[in-house]
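Q: Submitted below is the structure of interest, expressed as structure tokens.
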Amino acid sequence: MSETSSQVATRLLPRWTQPPRDLEARVPGSKSLTNRALILAAVARGRSVLTGALDSDDTRVMRRALDRLGVSVRAADGGSTLTVDGCSGRFPRETAELECGNSGTSLRFLAAMLAAAGRGPYRLDGNPRMRQRPAADLIQALNGLGAFASSELGTGYPPLLIRVEEPGLDGGFAFVKGDVSSQFLSALLMALPLAKGPSSIEVEGDLVSKPYVTMTMKMMEHFGVIISNRDFKRFNIRPSAYTAAHCAIEPDASAASYFWALAAISGGSVRVVGLDDASVQGDVAFVQVLEHMGCRVDRNARGIQVAGGPLRGVDVDMNAISDTVMTLAVVALFAEGPTRIRRVGHIRHKETDRIAALATELRKFGAEAIAHPDGLTILPPSDPAQLVPARVSTYDDHRMAMAFALTSARLEGVIIEDPGCVAKTYPGFWEDFEALRLQAQASRE
Ligand SMILES: O=C(O)C1=C[C@@H](OP(=O)(O)O)[C@@H](O)[C@H](O)C1
Ligand SMILES: C=C(OP(=O)(O)O)C(=O)O
């Protein structure tokens, strides 16, 4: 039961006969931190070493792209230690075709960095879904700062073409929309210190996923560049050089959400090792939502533990932690009363339209689900015994697969289609999930 290849069409999940009790889970490194560290190390002066890095489809996209741009990234320890020889702000290859799969961070961060640290033409493409994920706001901002960026098909979506005239991006002033994806802003912030002159970026509309912008600024600081911002509205960036750094990547908090939710649904307890409230990842706040639903949360030096109890539905704004919406929606199936998830309309632009996908799949289990423009209401049956196992479509979305796997904590016979899609951010998910189930079972025998 260790298939993660996409050739495996389905995975039948055994029901957990015992809840996990006082078990520990270790999750791989953060995708968002790994891809930021990689791109910043690539343009820094000197050799950087990243430890605890994530080795998955999304980080391989970034590594391959940097390789094509002439930056050496050497992997050791199964891909978790990466040594990057920085190019001091100038990519060695002046033109390249870069394939970004469905990695939003890779495509958007690279697009801006190419304008600042390259010459071009560069072409960035992705899989069919990536060709439906917005990029127009980023293109527009880059062009306002002196780049020649365009959508090849004129759609505002990838493939993107990027070039700049010698000697590089001008800087200056640009607006960027904040209500579609924070990745546009993060991409510009990381690239603009390499522009010729100072720059200011003003965010238009409500900025989504704010903790990721804080993460961007913290990582920039780690590589030696400090920028100023007022209320996440206006950012001022002075020309500066990145310097190589040692970077210990935290475990991925979005991946951790599946194990915390497992404890919530099963009534057991799981500690995810290596995360605490001081994490730079906003998604650690997911445990607070579980606390509101009735779980107990214990934070100590080893990590954060969630212990499940009777669950009640919640009304929650998940704008800042929207990668955990799928996890919460599945927890809500097992709670008493409705759960309303608000201010996450932007998740329609991710690996799939996540609001539509969730509503469809939740209904298969016997819940009512209402899709709203900004989120979702989940109305579980009044008696959890009325929930039925289902065959879950995953829409090539790793988070749909991992979140719905949690239903097997309480239901026999759940089937997950295309389980290999977890490789986007967590290739070893099924092995880790099954190992924990066996541990739970063994602890009661
Ligand atoms: O900057 C990042 O690393 C990310 C930002 C978020 O995207 P949006 O800003 O598009 O919500 C998040 O969903 C994604 O998984 C990673
Ligand atoms: C939205 C996600 O990824 P990205 O935008 O980086 O493709 C995700 O990992 O849930």
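Positions of Cβ are set from backbone N, Cα and C atoms, glycine also.
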Q: Among Gly70, Gly104, Gly156, Gly205, which residue shares the phosphoenolpyruvate site with Lys31, Arg133, Gln183, Arg354, Arg399, Lys424 according to TrEMBL?
A: Gly104
Q: I want to verify one value. Collapsing DSSP to three states, which class is Arg133 (phosphoenolpyruvate binding site)?
A: coil
Q: Please report the distance from the Cα of Ser182 (3-phosphoshikimate binding site) to the Cα of Arg133 (phosphoenolpyruvate binding site), rounded to the nearest angstrom.
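A: Cα-Cα, rounded: 13 Å.
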Q: Among the binding-site residues Ser182, Ser209, point out the residue whose Cβ has the most other Cβ atoms within 10 Å, with all shown protein chains included in the count.
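A: Result for the most crowded candidate: Ser182.
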Q: Give me the Cα-Cα distance between Gln183 (phosphoenolpyruvate binding site) and Ser209 (3-phosphoshikimate binding site), rounded to a whole Å.
A: 9
Q: Provide, as an integer number of angstrom, the distance between the C-alpha atoms of Arg354 (phosphoenolpyruvate binding site) and Ser209 (3-phosphoshikimate binding site).
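A: Between the Cα atoms of Arg354 (phosphoenolpyruvate binding site) and Ser209 (3-phosphoshikimate binding site), the distance comes to 15 Å.
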Q: Do you know offhand how many angstrom separate Arg36 (3-phosphoshikimate binding site) and Gly104 (phosphoenolpyruvate binding site) by C-alpha?
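A: A Cα-Cα distance of 12 Å.
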Q: Please list the binding-site residues from Arg36, Arg133, Arg399 whose Cβ falls under 6 Å of any atom in ligand 2.
A: Arg399
